[in-house]
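As recorded in TrEMBL, the features of this protein are as follows:
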TRANSMEM  B:29-50  transmembrane segment
DOMAIN    B:30-313  domain 'ABC transmembrane type-1'
TRANSMEM  B:62-79  transmembrane segment
TRANSMEM  B:137-155  transmembrane segment
TRANSMEM  B:161-180  transmembrane segment
TRANSMEM  B:242-267  transmembrane segment
TRANSMEM  B:273-294  transmembrane segment
DOMAIN    B:352-574  domain 'ABC transporter'
Amino acid sequence: MSKRKPPLLTFKSLLLENPFGLLVATLIGIVASLAAVALLGISGWFLSAAGLAAASGAALSFNYFTPGALVRLMAILRTAGRYGEQVFSHDHLLGLLRSLRLWIWDQRVKTPLNSVYRQTRGDLLQRLVGDLDMIIKWPLAVIMPWLYGLLGCLALLALASFVEWQLAAPVLVYSVLQLGLVLWLANRKALPSVYRMQALSVHRRSRFMSVFSALITLTIRGHWQHYSDRLAVLDTRQKTLQQGLQRVISMQKLISQGLSGALIVAVLALCLVWTEQGVVLAAEVEATWLVALVLAVLGVNELMQPLANSVLSQGQSKVGLKRLNQLAVNQPTDTLEFGPLPSAETLELRKFVGFHDHLSLLHLPKLSLQIQAGQRLRLTGPSGVGKSTCLAALAGDLPYRGEVLLNGHCVSLTDHPKWRSQIAYLAQQSVIFQQSLASNLRLGNRQASDEQLWEILQLLGLKEWAEALPNGLDTLLGAQGRDISGGQARRICLARVMLRGAQVMILDEPFDGLDSTSIQRICDALERYTFRPKLLIYVSHIDTPLDLQSRHLELI
Amino acid sequence: MRKPVKTPEQQFLFDLQQAEKGRFQAVKWLGVLIALAIVAQALGLATVFAELVLEGRFPLEAAALAGGAFVLKAVLQFCREQICATASRNIRFSLRQRLIDHLTFLGPKRLELDEDAGLSTRVYEQVDALDDYFSRYVPQVFLVTFVPLTILFSVLPVSWIAFAIFAFTAPLVVFFMILVGHKAANANRKQFQVLSLLSNQFMDLNQGLAELKRLEQTDSARERLALTASEYQRTTMGVLRLAFLSTATLELFSSVAIAMVALYLGLGLLEQLPWQVGVAPVSLLAAFYLLLLAPEFYLPLRQLGNDYHAKQKAEAAATQIAEVLALTHADSCDLAATNDPAASAAQALPLIEFKALHWSNGGRVRLANLSAQINPRDRVWLRGHSGVGKSSLMAILLGFEQHFQGQFLIEGQPLRPTEMAAWRRRLAWLPQTPEWVQGTIRQNLELGVGHCTDDALRNALIKAQCWDFVGSLRFGWDTAISEAGTGLSGGQMQRLSIARALLSQADIWLLDEPCSSLDSETAEQVLNTLDEASYGKTVLIISHDTHPVIWANQQWLMTEEGVHVEAQTPITYV
């Protein structure tokens, strides 16, 4: 996947995502649609020609093999075509789903870390499931029906011109009205409602969440009724909009039917002459072909019906695209802009202070220090003084104020990929992925062998536990470590960090929830050459043997 | 016909449908008219065609019949669609209102089902997922039997052979549809499952995105996503290819039947049928009539095939919705025991008294054997390990749970529904995570209290020790707080809820582990603030042993066997 997506999703990019797949699906669909129209048309012509031949006594010389074969061919084409269309278009749809999900992932990765979790889970899930669902259906629900309608109209036009050139005019008017004007009008009428409905439903949900999160307070204060009434008002508004929308769609269907009826009347009127004996067929028109034409109009009328629903799909996918594009991130700085980074022999901080947002900046202490290869540093300080924030900023997760000098060169660490590859950072929160134990550990080092994994598990006192697991290293761990204890999750994260074998290690409370034997073992490991980092900066509220070799710095 | 046994979901959907019985009845009658219009249109058109071809004449009456039937059909379909949509809307919106009312009635118990975000999906998306079922599937079920039958009988007098073709293929169509449709249904269900699995994987990786960035593994995560998505595409297509066979079967029968009718009629007209050469079995009029009716015969069936997934979607949604409505407070009400004659000497009575309070629900004991009393200005620390019934006691005190055994007396009187509002107004409620709505700090403090003066607000904030940090915010108490809070720490949010409790003038404070999500240092500070703020109030506070409530004058230890009450010498700074 070397091809990067354009920063914004558009309808065009959706079409160009896998043009070949879409083309195949569309072509097969076209064949099926035309075959459906032709089946009726040819059958009608065949019947009337046969009837005429029988009446005029020419039955024996009538070639009934060709039309008979054609009728059968159309029947087969229609069946196979419908099947093929569904298979190919769904294959295309699933491919689109795949690439759109990856697109979202890319956007998430590009989002700066301090704003990644501003997106609530529910909201992201809604975009990932609901919006994607609407968007991937767009080619199927909007483009394809229109194309089939267009080609149906073109075929009708050809047939009409063949029967009698004057008939081309009403067919042309019909096509323009059906595919252009009616659709345009319906779009104009319906789209604002679709947008309003979408906006309203977002509003309604946040209201629901907000009101229900304070349910008990509101109930015991006796004000619940008032708030829940307002929720009901939003719902009623939604109902009215839905009603209006439904009326537009049904109306469009009715008008479309009416137009087809009008076309048949127009065609007949052009081919008929009023005489004293009643209404008769104009001499130059062949009755058999006229019958075929009228039947074909009825066939095209069926093709036009799905167009009415396409208005709704169009609006919904437009909103979906817009919402997905809100996730898009224009990468502020390209990877190339980060300069080369010297290896960390010395690290100096001047008036360094990390922050989540500018509001919290005032209360945090500024840090100035210097640390050299081989040194260890322990940060201490009371709770809430900003130790974790400081470590996170140092690891490049959060923005900071002040200067950082690496080997005497002034550098910027935030989101710097090369800095990331030099360090191993154990964050405050333990993150366990819904993968096997081995995959969770190998996130630290993809090349790690099973022996290495067992070694580190032994070191952290997890070996007995891991051996008792039903599938050993291949046991699937639950989402966010739901079925392992906090202490185990912590140690798995620590194992991951240690496996990285990085030169700089930044550890936030590595010993939390560990017994003294484990702590002793970890301290030994951090001193031994295998896992010994050049620089080690850590925060711990527990005193450990590691402190003997460390400088202490207290944040106040 | 043997009635198939209804699953609970189907029963639930059927009950909902009954509410709009009248409309669905009207839709049925419209369906009858539509079927008749189809036959009339075919008859009219066939006459027109036959006369045009054979005589070159245009029969006006027949044309009027065909045209009239065409217009009638279109108008009837318009009405039918409108009525169906209205019925579906009415069902859905009243169901939604019912759900919201029910969730309100459940109170804190609703969280046993799901978190609020999940519940909102049920209330909105899942209810809307019923739309296609009520607006398309249900009306179609009637048409699917009625229209083919009407056509079958209108074909009968014209041609035995055509009747035989229709009559023979229709059961085959139904048979194949059931056969393949069953597979398709399973495939559909599986697809739903895999799709949610995919979403879970994405959300899982997204949740750990920061960690993946730290470990430089975002690309490998992307590969993982790509791989599972491709795998999903491959397996799903395998299943879908089979599932689409159901649609293809319908298409095939429909196409082949038209072709067969056309060929039979064409050859018949030419007198070339192998078994009756030289005889024309049908007239041209009849031939056209049959040809026009052939596609209409299969159309409703094909439509139903398309709408079949609507049924599945609705059944899946119905399961989730019914789950909400099924959850109620246990109804083993023991009202007989609540008549207590000793209600005269109000002064001597304790404010709250529990007499052998016992509550079990669904076979599980929620709360065992509680006998204790709380006097005005008592401050009670309630402890005990999780799951022993501390939160259940809170639910009873808040009035969300009334179906218990034993007695819960307020000033010697059982809590009556009519006095519920008055009782609740005396309460202040501080849960583990404070309850906030979207709005400013001020709006949240005034939530359910009404407008307060600036002075009252300032006093409350000072007393709850919020004044310093609220003052340091750029917009003071007009700063907006959102779902996630605005840079305010857990301790600060908890202090704000203390301020809210102070503003409400409530004299009974119920606190459910207000410090459990705070670190020990902050927790201690918040507890100290609480000591000061709640002085002179009646307090029941649940707190873990790690956060001892030293200023309480009573300590209740709750176990599975019951509650052990113990006096405690309060250490307070007030």
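In case you wondered, yes, glycine gets a Cβ from its N, Cα and C as well.
Unlike curated entries, TrEMBL annotations are predicted automatically.
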Exercise. Considering pairs 6 or more residues apart, do the transmembrane segment (B:62-79) and the transmembrane segment (B:137-155) have at least three CB pairs under 8 Å?
Worked result: no
Exercise. Taking B:29-50, B:161-180, B:242-267, B:273-294 as candidates, which has the most Cβ pairs under 8 Å with the transmembrane segment (B:137-155)?
Worked result: B:29-50
Exercise. Under 8 Å, at least 3 Cβ pairs, sequence separation 6 or more: does that hold for the transmembrane segment (B:29-50) versus the transmembrane segment (B:273-294)?
Worked result: yes
Exercise. Excluding the flanking five residues on each side, which residues at least 6 beyond the ends of the transmembrane segment (B:273-294) place their CB within less than 8 Å of a CB in that stretch?
Worked result: 38-39, 41-43, 45-47, 49-50, 53-54, 151, 154-155, 158-159, 161-162, 166, 257-258, 261-262, 264-267
Exercise. Over the domain 'ABC transporter' (B:352-574), what is the model's average pLDDT?
Worked result: 81
